[in-house]
Amino acid sequence: MKKYLILALLLIFSLQNFAKDGYELWLDYRPIENSIMRSEADQLFSGIFFFGKNPTYEAIEKELQLAAPKMTGKAPVFSSERLNQTQIWLGTREELAQVLGLQNQIDIRNLGQDGYWMGPVVFQGKTYFTIVGNRPVGVLYGVFDWLKSLQSGSFDLNKVKMESPKIQLRMLNHWDNLDRTVERGYAGFSIWDWHRLPGYIDPRYIDYARANASIGINAVSLTNVNANARILTSDFMKKAMVLADIFRPYGIKVFLTARFSAPIEIGGLKTADPLDPEVIAFWKKKTDEMYQHIPDFGGYLVKANSEGQPGPHEYQRTHAEGANMLAAALAPHGGVLIWRAFVYSHEIDEDRHKQANLEFVPLDGKFRENVIIQVKNGAIDFQPREPFHPLFGAVKQTNLGVEFQITQEYLGQATQLVFLSPMWEEVLRSKTFRPTPTSTVAGIVDGSDSGQRLTLMAGVSNIGTDRNWTGHLFGQANWYSFGRLTWDPYLSSEQIAEEWTKLTFGQNPENLVKIKEIMLDSHEAAVNYMTPLGLHHIMGWDHHYGPGPWVTGGRADWTALYYHRADSLGIGFDRTFTGSKALEQYAPEIIRAWSDSEQIPEKYLLWFHHLSWDYTMKSGKTLWKEIGLHYDQGVKSARKMKSTWETLNGAIDPVQYSHVSQLLEIQVQEAEWWRNACLLYFQSISKRPFPSEIEQPEGDLEYYKSLRFPTAPGIRPKW
Ligand code: BDP
């Protein structure tokens, strides 16, 4: 009888889980597959004791109430006394010590503000599974980790696990406008419903906070870096305050983007000069008011003197003078000023690659302690692949954070499956050779090589109002993986892919192998069919979606022709000493290796070298032929991703299957579009015969040039 009951219950759970529309993300708790683990969980959920009371523990309680019935079929039991009925102890070290003097058994003082310890603790002959943090949020992180281990089948009741994040500010940057459009957003509109705030609380806000906390994200900037000063008015502060209140129990701090000209636009002043006393007073007053609403306000994120945004240069002041003025207003409240190094101005007649270093290296040592410079992973702009940004390693006394783009602006937007973790891993592991011979980007960003105390990793969000949050189901993997890397920038993409796949699709080992393979091949595939061998910025210049290697004109002529420099003789951007000399901005070890076309990794070849179409590659083939083969390989890989996915038909949830399957069909077509358009164009310039191994493209160049990409709200650039 009992057996039938269990079977019936399991059936109900599986039906409940049937139509997966993606809303639950990786927190889609399901019946625990392993029966031993299920009974362990069952027992643990039957007696949960909190050593304290606070909003974070309430959030944990709610999470357990949600998870336990889905995982074991039973509601969790919260005990009011800590011994008899209790199986799990949850609390901070201090709370545990007060009551039981346990601090010697569990020493977590080295785990910092957000770390946690989890494992069995024996007390008076009975074992309690214990999750301890230095602060309640550590306990929350531990609980999420524990739930994930149950969900992915890796939980071990007897194992002790200690974790602490390597980066302090683990942050999402929303490029969300106040009218709810999202710059470079492809998953609907902004989830911030400014119109109905502060009165109406969309349940999504809470689910958003849960999802972020479950992967360690602890900071969010709510608004577009192309900022609107209205966000700093009292009305909007009240709205932002509601979000901050919702996020606080989940350990998430709110930041806002500050428009440098706000003193003029909302302050009625004639200037925004950072050294003007009235301007200084405006920002101080604004900031004080902000902290009255949001006592733990994180700080401001600023894009200044870039792509037409206002900044200190209008007043002949430096980035440091601008940043420090805002930082001084934040400092008494413990706030942080994040200043972006993405500075593009068409007034300068220099290789765009060089601008950030030219402007920021001379300011090294001039920024206040609570300023951090947020640097994109590469010097151009979130291209499918970029060598690491030369600012990493070039400054000694400036806090540097890294900015990645989770939204796939240049990587197929929301139609393509591109797992970005391998790209981020490549950047984080890049050797900078400065400040020490073994330094890496990760080591600079986490402070271990640079010694900086304030650390930051930011990711431009890919989240919108789409039911599944990210448009493409696999966009969720990028959000997940960004969060995991902010916690530990040394994690491997393979491990992250494995975790996410288990949480999203379950533990079937065959499915796991296939899905992981698709994910781990996807970035290289996209690079191949879009911009192989160091090519970059050859997309349609306004939408940034499909190919546009023929595009010229526009701002400062920073369009495709400027970047690929293809002519009848050759292709590539010479950034060596015979060209723009951008390579000079890296460490001598890199300059030496990369200025030699034979030594530079081929993946960066045309980023730094202009070479003859007939240049001999490592394979012995000509450059022109290799370009062709790479494009073709990209298409082949996309097709393989699709055919591998097709073998999952019937093996995974049908809704998930069909969603991805349809998008992969589009991805294959788009890969062909990129390959054909780029190769036909480059052939028209190089006048070389089409490599015989490559599929001959359908249609001619004029046909590809005539294709138009429909623009949707939110994807139009600002300028
Ligand atoms: C570029 C985007 C543009 C952003 C800019 C930025 O095309 O929409 O405003 O970056 O990072 O990638 O500020």
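Please read every residue number as a count from 1 along the shown chain.
Glycine is no exception: its Cβ is also placed from the backbone N, Cα and C atoms.
Residues or ranges marked as signal peptide by TrEMBL: 1-19. Under the heading domain 'Alpha glucuronidase N-terminal', TrEMBL lists 25-146. Among the features that TrEMBL reports, domain 'Glycosyl hydrolase family 67 catalytic' is placed at 161-469. Annotation comment: TrEMBL describes Glu307 as active site, proton donor. Residues or ranges marked as active site, proton acceptor by TrEMBL: Asp381, Glu409. Annotated domain 'Glycosyl hydrolase family 67 C-terminal' per TrEMBL: 470-693, in sequence order.
Structural mapping of features recorded in TrEMBL.
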residue	record	DSSP (3 states)
Glu307	active site, proton donor	coil
Asp381	active site, proton acceptor	coil
Glu409	active site, proton acceptor	coil
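Counting every protein chain shown, the Cβ of Glu307 (active site, proton donor) has 16 other Cβ atoms within 10 Å. Between the candidate active-site residues, Asp381, Glu409, the densest Cβ environment within 10 Å is the one around Glu409. Residue counts for the domain 'Alpha glucuronidase N-terminal' (25-146) under DSSP, split into helix (H, G, I), strand (E, B) and coil, are 57 helix, 25 strand, 40 coil. Distance noted between the C-alpha atoms of Glu307 (active site, proton donor) and Glu409 (active site, proton acceptor) is 17 Å.
You'll find the Cα of Glu409 (active site, proton acceptor) roughly 10 Å from the Cα of Asp381 (active site, proton acceptor).
Confidence in the domain 'Glycosyl hydrolase family 67 C-terminal' (470-693), given as mean pLDDT, stands at 96.
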